[in-house]
Protein chains: 2
Amino acid sequence: MKRKKMSELGEIGAIRRILRVLEPVIPEKPCLPIEDDVQAFDDCKLAVKIDGYSERMSRYPWERMSDWGWRAVTGPVSDLSAKGYKAIEMVYSLGVPKDEDIRRIEELVFGIREALKSYGVQFLGGDLNSSSGEIWIDVAIVGKLISTSPVPRSGAKPGDKVYTTLVNGYGKPGLLYKLYQTASWKNASPRLLRFRPSAVTSFPKIISAISVSSAIDSSDGLAKSLKLLAESSGVSIEIKKLPISNHMRAVLKKYEVGIEEATLFGGEEYEVIFTTKEPQDRVIQACNNERIKCVEIGEVLNGSGEVLYKGKKIAGIGWDHFISP
Amino acid sequence: MKRKKMSELGEIGAIRRILRVLEPVIPEKPCLPIEDDVQAFDDCKLAVKIDGYSERMSRYPWERMSDWGWRAVTGPVSDLSAKGYKAIEMVYSLGVPKDEDIRRIEELVFGIREALKSYGVQFLGGDLNSSSGEIWIDVAIVGKLISTSPVPRSGAKPGDKVYTTLVNGYGKPGLLYKLYQTASWKNASPRLLRFRPSAVTSFPKIISAISVSSAIDSSDGLAKSLKLLAESSGVSIEIKKLPISNHMRAVLKKYEVGIEEATLFGGEEYEVIFTTKEPQDRVIQACNNERIKCVEIGEVLNGSGEVLYKGKKIAGIGWDHFISP
């Protein structure tokens, strides 16, 4: 075991070293690959997703505690939905500094409550701990398979078309990041900042209606999510159309933020990206039946994990917990 | 919502305020009460337990990272066992500072692996996050009901006898705490410090063999665990015999640590405390069949949450995350 700082290894390097140790206790034939977004068990009928959030790393300064709590629930619900599971039960573990004001925790928990109500998930219980640094929350949600079978990241085939849902819209979080980096968010309109994205909870029904070969939630950003999907599937993906509305294009222009940058490298959108060989009209119909807007954004090609846009490879850049500043 | 520091409220006060907010999303008729140790769902057939550990608050200086990882798994497995569930699947969420050495994380995960192997639990996956303060781990374990029905904290009835298992033995963690407080652990023998307690995983079979009215894991300490059981059940409990071996009595004497203090207020023993109205020989036989030593330590009385020893009420003292130093 070589000595190395987490920041030298990066998130993926660190995970690889950790998984090497854990190999003997990983299921031999899991329902979904170990590196997929949710962990399935009980003959795939159930899945669990755990997600950790530290206040300093994940709450944006314009987010109220309740917005942050909403998002902490939305993340795992979104991952479960993208794989075909309906979120049903939630537990959390909280780490709170001793001198923290209980009201901030109540506000956080209020946002959690709103999200659970909205997604129809029950709160089963939690664990409260003291933390020496900052507020920390881990959310674990159990989901029930409601599509015919779970959809992995790794099933995309050359010739499949790539789609994404448009519930929360792409570009807005990318814009917010940009404003954040330049501190100009302080002058942005409150309406722009009050962004509370939702998980696409009816996606499992789309999986039951049409044949979906692979799917991933887009919360790490469009570019990084497509990259993960392409790498897991052993294919490349060509983006032919950016999933961005005319309205958002206009907003980005007003704030002088690049459309491609905001759409490809944003994140926090909680849309679903999926691949299918079904004809477009059947895909659109299946989405319409669930009152979801879906758009074809590209195609799966032979390749080895590249994502192409306008004929060029693009970087699968997104958040890295140990390298990002 | 009144402004108050966590340290002013204490753990129980804070949990009460948080649960008030979450009330609308708590199941109306849960399998086990919301304040019980594990959270049951799917008609009680499954349960989940989540437990958080921060390095500064929960790793003792004599514990190797792997010992700490072992204990982080043992805690939830023990809680599930005490309620009648066999732990089957585990996920974790890790928070790690950017400048941490990956080897310490590998050592932590190595201890987790050893525990999972020992308890027959599968590792399903995890989440890796950067933390601004210290290493933080949340372990969530799903358990399958293998006794006839789950046993709550709240079912003890006056006239029941109180038993505890003796797998890890009482007193040793109490002794270690004491040595820790006086910094004399540095001179203690390594053999004393290499304490790696196990969960009593065959306890669900005892629940199937005899009628158990209430049960709780003893990891918060004998006094506090009995207090929680008595309060939840709306009874009082009289301790008639301390569950401590002659060997441990001798060790405590050698280190000049009080027997009652070490046995009542220690913790980290991961034994099961349970109540039953069955005759003693049936209880002992059921335990023997599972190769577990059980001992009758007291009796359930009419009352309102008191724990009595030698005719006096004793304090239900144990660890409080926000009040303890």
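Indices start at 1 and increase along the chain as displayed.
Glycine too: its Cβ is placed from the backbone N, Cα and C atoms.
TrEMBL entries are annotated by machine, without manual review.
Listed features, source TrEMBL:
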type	residues	note
BINDING	A:Asp37, A:Asp79, A:Asp217	Mg(2+) 3 binding site
BINDING	A:Asp51, A:Asp79	Mg(2+) 2 binding site
BINDING	A:Gly126, A:Asp127, A:Arg153, A:Ser219	ATP binding site
BINDING	A:Glu268, A:Trp319	substrate binding site
DOMAIN	A:42-144	domain 'PurM-like N-terminal'
DOMAIN	A:210-308	domain 'PurM-like C-terminal'
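Shown on the structure are the features that TrEMBL records.
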residue  : record                : contacts (Cβ under 8 Å, 6+ apart)
A:Asp37  : Mg(2+) 3 binding site : A:Lys49, A:Asp79, A:Ala82, A:Lys83, A:Arg153, A:Ile216, A:Asp217
A:Asp51  : Mg(2+) 2 binding site : A:Ala72, A:Gly75, A:Pro76, A:Asp79, A:Asp138, A:Val139, A:Ala140
A:Gly126 : ATP binding site      : A:Val91, A:Tyr92, A:Ser93, A:Leu94
A:Asp127 : ATP binding site      : A:Val91, A:Tyr92, A:Ser93, A:Leu94
A:Ser219 : ATP binding site      : A:Gly75, A:Ser78, A:Asp79, A:Ser225, A:Gly267, A:Glu268, A:Glu269, A:Tyr270
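Confidence over the domain 'PurM-like N-terminal' (A:42-144), given as mean pLDDT on the 0 to 100 scale, stands at 95.
Figure note: comparing Cβ neighbours within 10 Å for the binding-site residues A:Asp79, A:Arg153, A:Asp217, A:Glu268, the maximum is reached by A:Asp217. A distance below 8 A between C-beta atoms marks A:Gly126, A:Asp127 as the binding-site residues from A:Gly126, A:Asp127, A:Arg153 lying next to chain B.
Broken down by DSSP into helix, strand and coil, the domain 'PurM-like N-terminal' (A:42-144) contains 41 helix, 40 strand, 22 coil. DSSP labels the residues of the domain 'PurM-like C-terminal' (A:210-308) in these numbers: 37 helix, 25 strand, 37 coil.
A:Asp37 (Mg(2+) 3 binding site) falls outside any helix or strand according to DSSP and counts as coil. A coil conformation is recorded for A:Arg153 (ATP binding site) in the three-state DSSP classification, outside any helix or strand. The Mg(2+) 3 site is defined by A:Asp37, A:Asp79, A:Asp217, and by the 8 Å test on Cβ atoms against their centroid, the other residues of the chain that qualify are A:Val38, A:Lys49, A:Gly75, A:Pro76, A:Ser78, A:Leu80, A:Ser81, A:Ala82, A:Lys83, A:Ile216, A:Ser219.
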